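Database features (TrEMBL):
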type: DOMAIN; residues: B:78-290; note: domain 'ABC transmembrane type-1'
type: TRANSMEM; residues: B:21-40; note: transmembrane segment
type: TRANSMEM; residues: B:82-103; note: transmembrane segment
type: TRANSMEM; residues: B:115-134; note: transmembrane segment
type: TRANSMEM; residues: B:167-188; note: transmembrane segment
type: TRANSMEM; residues: B:209-228; note: transmembrane segment
type: TRANSMEM; residues: B:274-294; note: transmembrane segment
Amino acid sequence: MHKLRLSNLAAYLILILMSVFVLFPFVWTFLTSIKTEVQMFAIPPVVVPDPATLQHYQAIIDEGKFQSFMGNSLTVALVSTVLSLAVGIPASYGFAKYRYRFSGMLFAGVIATRMFPPIVLGVPFFLMMRQLGLINTELALIITYLPLQLTLIIWILEGFFRQLPHEIEEAAEIDGLGTLGKFLKIAVPLSLPAVGVASIFSFLAAWNEFMFALTLTRTQETQTMPVGIAGYVTTFQTFWGKMSATGILYIIPVILFTIIAQKGMIKGLTAGATKE
Amino acid sequence: MSVSAKKRNGKHDRSRRTAGILLTLPALLVMAATVLYPILSSFKLSIYESQGMMSTGAFVGLDNYWKVLQSSQFQSSLRNTFGFVSVTIIVELIIGFAVALVLNRSLPGTKFFRIIFTLPLMIAPVVSGLQWRWLFADQYGVVNALLELVGIDGPLWLGTVWGARTAVLIANVWLATPFVILILLAAMSSLSEDLYEAARLDGANAFQTFRTITLPLLKPAILMILVVRLSDAFRVFDIVYILTQSGPGGSTEVLSTYIYKNTFTGLQFGQGSAASFLVMLLIMIVSFVLFRLLRPREDRA
């Protein structure tokens, strides 16, 4: 009994240490965001500022940059996710249930692109967008994010559709449903939770993407949040207060979402691990 | 497979085939336009001479590749990347195993901890990079202030070679370990209780159980972690770009930042493309070797 309690103690110690490691950066960023410049650079550091200030939040909103970056991020992430889902869901269903010659190979090819370092696409994308005159447009980012999201969606949903019992489909066939009918009336409604998971992950992929956004956009009118927030670090000065405030507002929705949709998120992340 | 199978004549098969092609075609077209075409054009770029962004039209074969391979910057970024990838994955696995084993015991509060540990996965790497840059700041950084509390004189994190490398490593471990934890946890929770019961009856201690039961059964999950994390770690860009700008003196330069600089700052598009393909080849080789080494024995041909 005594030994058991000791090992429980060790277990909680590990969990608490890990939690501190994970949470500390968030907490410190939040505390920084409500400090004045003087409190921020005090030695030894001020932990909880007294009085706290909202000046950095006020500043980023007054500047209008925040709204602009946020708006661009939302537009790009939403539009690209919707487009990816529109072509990705039927494709996953097709790959899972309607095998044809080469379909296995094509599926493997789609999934394999997940392994490419994105920088491989960075150069040709830049040249392609320049040719099309799309540099510094949101459309360029939307197009760029499609393949990133499609591979994710197909990876998650193909496995799900494959597990749909054959009997349901046969019953639908007897009821006289064609491929389209089966897809729209049976497969999609049954897979809504999985579609939700896939949408979250493709949304996040676009929401958090930095490198392509850095190479393809130049001005506040088109830049998304990751590039915008990185802009607070300049060669001469880093605006820690504004950066922290922007960072906090940028990640709050994601954190809330993570907590609410916890189960689905974990299911999506571990989709591959339990598949085999 | 009786009546319904026999009914499936040639016509039925053909219509299923058409359906499959029609369902997958839009996605395949998108992939062809947004992946295949760029990659092919990038390949073309890599075997022609280029001046700035323009190809001069002179075919140079593998010349760009040789130039990249011989450049000392490429070699050092390759060494840095290999060092970074191997250390980060080892650290992630050690921490990941420790935390997953503990979470798997389903002590009270486990759910709460699991939510906390999921958070970094959803956060933009850029934000992580910025947070750690502030935490590691030389004079005002809280990390050194905390170290001072316990009597350690912290290094100039971002100003020294190993300080900067450690900072990149920590920021990345923070970002990626949750993935390792969640995958291991999912795999562990699907292991059968009976095996552990049997091991207990045989008098095996915790370490023996872990080594002879848990570890071998987790092989597929570990393989998956290695492949995913390997390709992720090889492409690390955001954190280095934000946290250290490859410095000091190129000591944290990795392949992605090298390619980025070479192409978009140095405007060497031909060499940039060549370097991209070398990295791609490298990832393919390493993943292939991993698959061979770690594939469960029964499906080994």
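Cβ atoms here come from the backbone N, Cα and C positions, even for glycine.
All TrEMBL annotations are machine predictions without curation.
By the count of Cβ pairs under 8 Å, the stretch nearest in packing to the transmembrane segment (B:82-103) among B:21-40, B:115-134, B:209-228 is B:209-228. Tertiary neighbourhood of the transmembrane segment (B:209-228): same-chain residues 89, 93, 96, 101, 179-180, 183-184, 186-188, 191, 195-196, 199-200, 287, 290-291, 294-296, selected by CB-CB distance under 8 Å and a gap of 6+ residues from either end. Counting only same-chain residues 6+ beyond the ends of the transmembrane segment (B:21-40), none has a CB under 8 A from a CB of the stretch.
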